[in-house]
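Among the features that Swiss-Prot reports, ATP binding site is placed at 30, 31, 32, 33, 34, 35, 36, 37.
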């Protein structure tokens, strides 16, 4: 159930390139600026419909070209499903799945679960709650099909409530009371799914990762729903109504949810070393992919950009031991192919090396 084929056209510095990856581990190496990260970016784009590097699509389209095109084939059991996405300078996006046009990025995302680890991924610890909600909700999107539609519906209600809080039309208090019923109904369903998912995530995380990482044995993963556990959401909305009206936005609800990592009451970002945080990050990502695969029967993809960056040899070996628990198809970018041998050896999986130079690919 892997990505068995990838072809790019006019994607950054890549004029035209075709890749036939293996189901196991794919190492993409080359000098900085060679195009290796662009390959990971293209795979990510094929699943998410956006880049992890920029929000400006024009910077992705090759110089003096009208559009970029990405094609792939996703092997699912005995089927080979063609998928594709293109984007023009004008911002028009075209999607195709099995030769048929689609308007929903979510259909591509469901077909090909993709997670990425980059040097910026440590925002999971140091960034705001939004980064952690994104991580949590990515897993929910794949394992709970109703979550996506609940979240879309909730955001429409949230937008309506916030608009009323800002504009304050006549009788807006009564209007907000009307919307609050739907707000609470959707919010409680979202919260129920999140709590159940975190419970399953924690069980798999500690069952699989404790043997590899002694540092997580005393780790606590705590979830905050976005309102106090001791009060109902209806009460929270009522108690905070005056403040929300002054500020013009809703301060309580699942859009404010967060979860945290701590040991003996202290946040991990304050007590773990940089190397320990890196290992924790890999353990969390591997667990998420494993949970998606076990609950959906889909093989996910893990992209790792610039893996050896700042990693000691001991840390590389531990990363390899963590990745050995991962049955995902893996793509790793690196400057030097030799520098990641300590990571690859413990994994004992099919391996393919790709050398990228000036946007061109050489299979080794």
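Each residue's number is its place along the chain shown, starting with 1.
Cβ atoms are placed via backbone N, Cα and C, with glycine included.
Remark: of the binding-site residues 33, 34, the most isolated position is 33 (fewest other Cβ atoms within 10 Å of its Cβ). Listed in chain order, the residues near the ATP site other than 30, 31, 32, 33, 34, 35, 36, 37 are 38, 333, 335, 356, 357, each with its Cβ within 8 Å of the site Cβ centroid.
In this structure, the binding-site residues under consideration are 32, 37, and the one with the smallest number of other Cβ atoms within 10 Å of its Cβ is 32.
Residues near residue 31 (ATP binding site) in space but far in sequence (CB under 8 A, at least 6 apart, same chain), listed by position: 335, 357. Remark: residue 30 (ATP binding site) has 36, 335, 355, 356, 357 as non-local neighbours, by Cβ distance under 8 Å and separation of at least 6 in sequence. Long-range C-beta contacts of residue 35 (ATP binding site), restricted to its own chain and to partners at least six residues apart, with a cutoff below 8 Å, comprise 12, 13, 14, 17, 356, 358, 359, 360.
Following the DSSP three-state reduction, the secondary structure of residue 37 (ATP binding site) is helix.
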